[in-house]
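Record features, source Swiss-Prot:
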- 624-658: coiled coil (COILED)
- Cys755: S-palmitoyl cysteine (LIPID)
- 294-327: region 'V3' (REGION)
- 451-462: region 'V5' (REGION)
- 453-462: region 'V5' (REGION)
Amino acid sequence: MRVKGIRKNYQHLWRGGTLLLGMLMICSAVEKLWVTVYYGVPVWKEATTTLFCASDAKAYDTEVHNVWATHACVPTDPNPQEIVLENVTENFNMWKNNMVEQMHEDIISLWDQSLKPCVKLTPLCVTLHCTNLKNATNTKSSNWKEMDRGEIKNCSFKVTTSIRNKMQKEYALFYKLDVVPIDNDNTSYKLINCNTSVITQACPKVSFEPIPIHYCAPAGFAILKCNDKKFNGSGPCTNVSTVQCTHGIRPVVSTQLLLNGSLAEEGVVIRSENFTDNAKTIIVQLKESVEINCTRPNNNTRKSITIGPGRAFYATGDIIGDIRQAHCNISGEKWNNTLKQIVTKLQAQFGNKTIVFKQSSGGDPEIVMHSFNCGGEFFYCNSTQLFNSTWNNTIGPNNTNGTITLPCRIKQIINRWQEVGKAMYAPPIRGQIRCSSNITGLLLTRDGGKEISNTTEIFRPGGGDMRDNWRSELYKYKVVKIEPLGVAPTKAKRRVVQREKRAVTLGAMFLGFLGAAGSTMGARSLTLTVQARQLLSGIVQQQNNLLRAIEAQQHLLQLTVWGIKQLQARVLAVERYLKDQQLLGIWGCSGKLICTTAVPWNASWSNKSLDQIWNNMTWMEWEREIDNYTNLIYTLIEESQNQQEKNEQELLELDKWASLWNWFDISKWLWYIKIFIMIVGGLVGLRIVFTVLSIVNRVRQGYSPLSFQTRFPAPRGPDRPEGIEEEGGERDRDRSSPLVHGLLALIWDDLRSLCLFSYHRLRDLILIAARIVELLGRRGWEALKYWGNLLQYWIQELKNSAVSLFDAIAIAVAEGTDRIIEVAQRIGRAFLHIPRRIRQGFERALL
């Protein structure tokens, strides 16, 4: 019987398979991006950190202890590097600059520490009996007018001597500003701050001469500098550079006028946090300085008064010659030219209004007058002549020639930084005093209120908050924290490769650490090697300078703020470097500048293409792009590295086969020799086994072999039985193999025999296994069919039983229901028949 097959059409399956294969190929062709770690990228973030100071060692007299304690600063760099950041725009804000606050706190702390070991003048808080000091002669001085009557008081008082229970009467000269009368008789006085402050006398060798201080950032941080010549103090700056230290800033403590500061490069610049708010101070930076020469013509002497055991009070003993008033001289022409430039800027800011300069509206002497330190004495000069003019369209007063002379008064008891409860007594300076300074800026305030005219703006000198003084110098700086670790997507994925030494050969051009900040991420100018090396070398160099300064001045560290800051900067720099290295170690990137990872790049972090990222964006722009996801990426890299370390044991086994060239390594030759000896020994053993088996076989057949190479006739087939010579007949040719000679031939013959033997046995084994598998498969299939039929049978039986059960239940329920209905009907009929039965009963009764 012939079975006719049915031909099926599989064309649609071929088409579907081809389409599916094409889709898979297209999907597999899409490039997958992976996270790559870069170390040494020019990225920074705004930060606040502890700055330390640097100062020129030759800038101060070693015999005098200046109040700024610059002897504890590190030496300035003879070749400071300033690296311009091209194509970089950075926001600056001089009004919210932590450097200003830090400098203010540092200067206050330096004054406090400088005055700690000095004498407290509490014993001088006694009644002073004073009279006005008169000139020694009646002649008039031609240099400058005499001091006002009563400006200097000759006071006598009682103090404790070196023996505590013994009092002694002393006398000294005090300025009128330093004493206040007790009674109305104008003969009893007391020191001005005795009721409110603890007066500390400055130590005899303390100098208040301002010395340039360079503020420096620790390693791992940098100071950005704005070089825009017309920068107004806040907003974006397009000309940015990076420095390690600021320029030398003189901590000049003055009000109204800024002295010995930096000048503007292109015209006068006015800066304010909010020009519309009259409560905000206006800081004016001049283009050309105006020289101010101050003099105290009095030839004073200084005397020492013992006020207790081991304590001395230094006071003015006498004035040699006439008593003349201190004063300052300013060129009237230069000052009016300066005001003219300032008026031009003010009118541009506030509209073409009339600008009026007036004297201070009142307050403490430090604010009402121009206060500053001159040669160790604190001058308070009346600045009314400087601020007493009206300007209409840059047209001011005509009497601009000549010299402007400012009368000055001197105070020895001054409030420190306008702090409550702290006052200082400056010991008098011997001889005459002369000092020359440069006015480089002004502090102005603008009048406000309803009474102010719409056509006039009134400006008055201000000051008092020393933060504005430091702000006038630090306006162009900001501190940033360098973030050398960067992540970006690339096509490279981390793979387990052989461990080998690798040489980093990136560009050798020195651009500085942040020199490539304005370049694109893929630019060749991104020299990661130089930048990474500078991180560590900068730390090492900085620590060497710090340690050198600390070692030289260790006996003074306990008296200065700078020593503590240097130690903080040292620890902070090392911590910053170790933190980055710890992250690299956790990620498996130690010692690498470019480190691939096995973390896939998520498009939700940034869906920009590689070309947009690497050719059009800087590292700073890229960092702002992914800033919200940086911590997540770091976590994923760490988890990926942990997973890789778990698999390291298995991968090490495969690592030996990573390259065939390792097979020829001389360290493996002994292993190869060992394997060769084992193979030869195995072959010899097999030869012996086969020889013994052949001998046993021959002996069983009745032969006596003469040698190991003696061959025996091969057995005939079953269709050709063997015979003997006596039986006659033609002998068949025996199947035999030729004898072999030589070791190699013998080895080859044995190997061939072994291979044939192994092949035949393996083939037989495979055939047997296939037969067994086939048999097991057939039996298994039959068993499955049997169990399937059995299962089907029992399912049918269960189904039938269930149907029968349901039928029986239904029948029983139906029968029970019929019985119940019948009983109910009978009961109903009984009730219905009750009246009939009653009627029948009555009928029977009547009958």
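Using the three backbone atoms N, Cα and C, a Cβ is placed for every residue, glycine included.
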Should anything in the same chain at least six residues away from the region 'V5' (453-462) have a Cβ under 8 Å from its Cβ atoms, list it; otherwise answer none.
255-257, 281-282, 346, 350, 353-361, 367, 370, 383, 386-387, 442-447
Would you list the DSSP helix, strand and coil counts for the residues of the region 'V3' (294-327)?
0 helix, 28 strand, 6 coil
Here the mean pLDDT of the region 'V3' (294-327) is 83
Tally of residues which DSSP labels helix, strand or coil - the region 'V5' (453-462):
0 helix, 6 strand, 4 coil
